[in-house]
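Remarks on the structure that follows.
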Amino acid sequence: MTRLRTAALVGNPNAGKSALFNALTGARQKIANYPGVTVERKAGRMFLSSGEPVELIDLPGSYSLDAASPDEEVTRKVVQGEFPGEATPDVLIVVLDAANLEQHLVFAQELIALGKPTVIALNMVDLAERDGLALDPEALSDALGVPVVSTVAVRKRGLDALVEAMGSADGQDMSTRHEVAGQTLPERRLAARNIAKGAILSQSGTHRLHASLDKVLLHPWLGPPILFALLFVIFQAVFAWATPFADALEGVITALITFVEGALPEGVLRDFITQGVLTGVGSVVVFLPQIVILFAFILAMEQSGYMARAAFIMDRLMAYVGLSGRSFIPLLSSFACAIPGIMATRAIADPKDRLTTILVAPLMTCSARLPVYAVIIAAFIPSTTVGPGIGLQGLVLFALYVAGIIGAMVVALVLRRTVAKGGASGFIMELPRYQMPPLRDLAIGLWQRAWVFLRRAGTIIFAATIALWILLSFPKAEPGESQLDASIAGKVADGLHVVMAPIGFNREISLALIPAMAAREVAVSALATTYAVEGANEEEEAEGLIPRLQAGWTLPMALAFLAWFVFAPQCISTIAVAKRETNGWKWPAFMVAYLFGLAYVFAGITYWSALALGL
Ligand SMILES: Nc1nc2c(ncn2[C@@H]2O[C@H](COP(=O)(O)OP(=O)(O)OP(=O)(O)O)[C@@H](O)[C@H]2O)c(=O)[nH]1
Ligand SMILES: [Mg+2]
């Protein structure tokens, strides 16, 4: 049997490799409009016109085969056949951005010089046309000595011709390849310029709109306030727009609880469904609208090209704490989840820069914290406005995010002066072109995020909540005793409460922190379940989580709880990824220790200051 043939997508960052990969294999790899999105090799299956299957590999973008960062190293190894467990690719598909031809041809020539069967995908020809650039693929093909196919990856244009060219790449004439083989970098640069010139049929300057947009958005004084205002609007929207949807979901869950209570006889099964599943897991699911709104903004920023500008704006500010704009995108990705954020640090070349970014990434408010913040804010912060169109709840949410960012910056500053010494390194990043985010892509992206959230609710959050419910429900209380006192979980809570009482946490909070290590949202479902079990025992009317919190907590407690979640490393998966990315337990142990330390101290400070202020 012959080995499955492999083809690899290579080229500069942001050329559209992953978009092509998705189009050719039907995969759903993350694509976004900034360099450094893909940081790992990913494989998928595609078919040639003959029906022959080919393994297609998507690679991180790179500027040359002299790797500077860990992600570029992956590309170099795969292309040169040094990647463990992977055969050298039989065909290289070099992806070029048609509107950045000159820059992209530098690496392309180095790849062609390897002497492998090669096909060029001249991608993003739609954007080149939009900008008034007409190219001649024939001329390009003649100059480079390899077939060139025009493509528009996101519209699936040119794919058949590309697949056709891949199929006949084996018999390529290599006789001209030696000419490029021995070239130095300056020679390749010069050749790139000439080849690009030769391939341009006509050009008209229509960059004006985008150039003037950049004049405003990247302006040293205007840029930062615009970015800040945009982030502010996002957090206002998360509360204001989500409310009707969240209320509707809440209504459905309450109706389900009432239905189950009517349909099932009193007993363990009914308690399990109402207290554990519906109250517990349901209390997290109601935050789906907030998550979706947050991601709608993040995806639109990524796809439009603004995200890379934000990194550029932040670069100057980040330099003060010894980081560069390079760290900004991993940190911003951490708003979704620290795990992809930590992975994205692979695009950072300097090891100390990278380590610092990994260590502070968990301080960025991940979306799992959103339900925790939102439920406490909804219970304790009045839904009033503090100015025209500025809701107090959204403002507090924004403040919590800012607290995480400031925390990260201060920690980075300290780390860069101590354990990860080093100065700020320079920051060069190509700014991608602006683009209207295609609605279809946005919709798919949102659907994926929503699905991730619901899957978490159905698996890890469900499991952790149910485990807690079991520990809370047994052994059964004697008459007159509270169920929490009688249960195993109650005993654990008593022990933990000794440690947490000085920072204002009650037994229920202390208990909720344990299952919340599995996923932060579990803090919410755990509280909901704990109060439901307790409440049922006291023959109370069925109530939602929020009224119970209002009845049982004081404002200083609630604020201390929020402060805890700004800092605490409440997530085992993040710790595991940090271990993998730093190759050992040393740094994750350090991370966990400093984060718990900060969480404890700041929750304490918040609690006692709030008490002193008479809140
Ligand atoms: N208009 C247009 N946009 C494209 C095309 N191909 C890709 N894009 C967009 O360009 C951006 C970059 O695409 P990716 O596929 O993430 O690029 P990449 O080469 O994988 O980038 P890295 O993983 O960072 O190396 C995304 O916003 C895509 O939607 C195209 O042919 N036309
Ligand atoms: Mg990619």
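Quick reminder: no glycine exception, Cβ is built from N, Cα and C everywhere.
Just so you know, TrEMBL annotations never went through curation; they're auto-generated.
TrEMBL has this to say about the protein:
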- 4-172: domain 'FeoB-type G' (DOMAIN)
- 221-242: transmembrane segment (TRANSMEM)
- 248-264: transmembrane segment (TRANSMEM)
- 276-300: transmembrane segment (TRANSMEM)
- 320-343: transmembrane segment (TRANSMEM)
- 355-381: transmembrane segment (TRANSMEM)
- 393-415: transmembrane segment (TRANSMEM)
- 453-472: transmembrane segment (TRANSMEM)
- 557-578: transmembrane segment (TRANSMEM)
- 590-610: transmembrane segment (TRANSMEM)
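With pairs at least 6 apart in sequence, the transmembrane segment (221-242) and the transmembrane segment (248-264) have fewer than 3 Cβ pairs within the 8 Å limit; the two do not touch. Contacts between the transmembrane segment (320-343) and the transmembrane segment (393-415): present, as 3 or more C-beta pairs lie under 8 angstroms, all at sequence separation of six or more. Confidence over the domain 'FeoB-type G' (4-172), given as mean pLDDT on the 0 to 100 scale, stands at 93. Put simply, of 221-242, 276-300, 355-381, 453-472, 557-578, the stretch with the most CB pairs closer than 8 A to the transmembrane segment (590-610) is 557-578. The listed stretches are 221-242, 276-300, 355-381, 453-472, 557-578; of these, 355-381 has the most Cβ pairs under 8 Å to the transmembrane segment (393-415). Stretch with the largest number of CB pairs closer than 8 A to the transmembrane segment (221-242), among 276-300, 355-381, 453-472, 557-578: 276-300.
For the transmembrane segment (276-300), the neighbouring stretch richest in Cβ pairs under 8 Å, chosen from 355-381, 453-472, 557-578, is 453-472. The list of residues near the transmembrane segment (355-381) in space but at least 6 beyond its ends in sequence, with Cβ under 8 angstroms from a Cβ of it, reads 238-239, 283-284, 287, 290-291, 294-295, 322-323, 327, 330-332, 334-338, 341-342, 345, 348, 392-393, 396-397, 400-401, 404-405, 407-409, 411-412, 415-416, 420, 453, 456, 519-521, 523-524, 545-546, 549-550, 553, 555, 558-559, 561-562, 565-567, 569, 571, 574, 578, 581-582, 587, 590-591, 594-595.
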